[in-house]
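Q: I am attaching a structure below and will ask some questions about it afterwards.
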Amino acid sequence: MILMITAPVCPPHLLLRHSSLLRHESSIGNFHRKKNPRFRTVSCSSLLPQPSVRPDKASELKTLWKKFYKVASPYWFSEDKDQARLRLAAVFALTLATTGISVGFNFLGRDFYNSLANKDQEQFTKQLFYYLCAFAGGIPFFVLRDYTKETLSLRWRSWMTKYYLQRYLKDQTFYKIQSQSIIDNPDQRLVDDLSSFTGTALSFSLTLVNATIDLISFSNILFTIYPPLFLVLLLYSFGGTAISVFLGKGLVNLNFLQEKKEADFRYSLVRVRENAESIAFYGGEQNEMQLLLQRFRSAFDNLTELLIASRNLEFFTDGYRYLIQILPVAVVAPMYFSGKIEFGVINQSVSAFNHILGDFSLVVYQFQAISSFSAVIDRLGEFDDLLDNNIFRDPSDTVDEIELTYQSEMNSSLLDTNGSIKSQPNQKRLEIEELTLQTPTNGTTLVHNLSADVYDKDHLLIMGPSGSGKTSLLRAMAGLWRSGKGKITFYLDPEVDFTQEKSDTQENSGKRGDVLFLPQRPYMVLGSLRQQLLYPTWSATVEETTPGGSNIDGSPPLLIREDGNEKPTTDDLMRTLEKVCLGHIADRFGGLDSIHEWSSVLSLGEQQRLAFARLLLSQPKLALLDESTSALDEANEAFLYQQIQSAGITYISIGHRRTLTKFHNKILQISTADPKSNERNWRIEDVDAQDSLYGRLNQKEVPSES
């Protein structure tokens, strides 16, 4: 509701003041207003949002402040601190200037209305000219203050987004958060919460500073005019705040529930979109319709309760807003009638009264925004603590943990007398020692005391019934699961530099270069066909990196390949596509640099062949294949295995088809573990040479690309 106020009650200088305040309110409550249709913007002192702060927040202010400081402080001590502090100082300087301009307008208004009441046309013309000049000179300060604040907020958000993303993607933290359900919606925290935090923190800080200076300046003016009016203001503002909080406390849970229920409804719609084909095959449209309507009805019913509660609160707030327009006039009117003050002083007292009331009622006016901001601080504080500690305990509280290491073979048999590295014809690639693997959720044992070695040119097939732990074993090899005990050791290329110790990050980089995992459903990145092929080994945007391999700003590139491995050329990529029978898709989709939703436009079989193309380009020492040919026919499956075997890649496969045995020389057979027994539930056996790929290399059959 926008109140239209006559000039004696809300003069132009006061409207300028209130338009500035409303911009602050817009910044502070921006994200909440998008979600809550009951949040309205009104002019002057007519905004009284519904409270939505949890009742127990008062007792947690100290904790909230600590979280706020922990989240906010890194930027102000970062490499961008000089620019940040300079811009912040400029914002505060402009805030002081705008407060001074508002005080000047207050006195201009007094003289302006005095000349009008005295019917002094010459003085009125002069004061009108002063007013127009003051507007022309004052408005740029208000605009520049808001612009400087918004650019600082954008700069802060950019830095924080990169800061949190680096920590989120480090050491597989993102996977641990998702797989163990430690916190909800990390993506929302990285996007919505970070955006809201930076904008609201600056806006609220600016509003507090502005309100403090404003309160001091106009309290002196109001107290000079009529001290009892200052007392009336205190009683009115504190009383209104208390009543509003009391009447609006029922809105707290309703607002939070509304956000959750609407999010649930949106998520249901996203699931329909992502699983459209499966739903269509099942003919499950009616079931989906019922589920969607059920969630919509839940949100609708809660919103109805929210509207009723808001209506009840507005019975008070509307009266509060209207009464404020005549209350100061009613208090000082007897002084005007007795001749103790001029008419312009009435306008001055109304202006000062509205300024001070706005400052005293700041908590009331920003109640809903403050509650939303406190929720943002809670969520980001929780997220920040999680990323800082980087400690993920298994819910089963397993004491033992699988030891996963990456090292190089370094012994006397590997070195000549002059210290150079000997050529090793059968290098060990993987060693598993006494591995007992358990699920991270409830500690159920999947594999008992597994020991196995995989050497160069070995091809191991892991088989077993569904749920026996085949894929879980690969998760343990990838470092995704640590529940259990035992040791897994990957042996890197012996050509690495032994003279330098490797950090954890360097070891992980080495692991990424030497071991590549192919899941059953390959991950299709957002980008071009070229990026699909280069992922995850090389960056697709070389021009954005320095010769040393880092980004221009000094950070590591998103996709890393060890030095000495040249990035494939366009011809290399096309030849590799031909090797996996996908030479036609570049023409089909407009070239290597065309961008599509690849997980939708390519069939699962084509995606699996594309994953094998990545494997051939990366040339890892060891490949872990989790049913990576499940969507392919036997001819294509055989052809792809022949390609990677010819490339000299050692691989470990998981599969159910007996036809896979001919592509391997060893089989690890896993049976379902007996929870009451500690006996091993696995065996390793050799595959008959004549059934293996070694005996079939001369019988190659090239399948069709269709």
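Every residue, even glycine, has its Cβ placed from backbone N, Cα and C.
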Q: If Swiss-Prot marks one of Ser45, Ser203, Ser278, Ser539 as N-acetylserine, which residue does it mark?
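A: Record lookup, Swiss-Prot, feature N-acetylserine, residue Ser45.
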Q: Transmembrane segment per Swiss-Prot: which of the ranges 237-257, 363-383 is that?
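A: It is 237-257 that Swiss-Prot describes as transmembrane segment.
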Q: Determine, from DSSP, whether Gly467 (ATP binding site) sits in helix, strand or coil.
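A: The residue in question, Gly467 (ATP binding site), is coil (DSSP, three-state).
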Q: Test of understanding: give the count of other CB atoms lying within 10 angstroms of the CB of Thr471 (ATP binding site).
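A: Within a 10 Å radius of the Cβ of Thr471 (ATP binding site) lie 18 other Cβ atoms.
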Q: Near Pro465 (ATP binding site), which residues of its chain come within a Cβ-Cβ distance under 8 Å, counting only those 6 or more away in sequence?
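A: Sequence-distant Cβ neighbours: Ser671, Thr672.
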Q: Which residue, out of the binding-site residues Gly464, Gly467, Gly469, shows the minimum number of other Cβ atoms inside 10 Å of its Cβ in this structure?
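A: If we count Cβ atoms within 10 Å for the binding-site residues Gly464, Gly467, Gly469, the smallest count is at Gly467.
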Q: Drop a 10 Å sphere on every Cβ of the binding-site residues Ser466, Lys470 and tell me which sphere holds the fewest other Cβ atoms.
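A: Ser466, out of the binding-site residues Ser466, Lys470, has the fewest neighbouring Cβ atoms within 10 Å.
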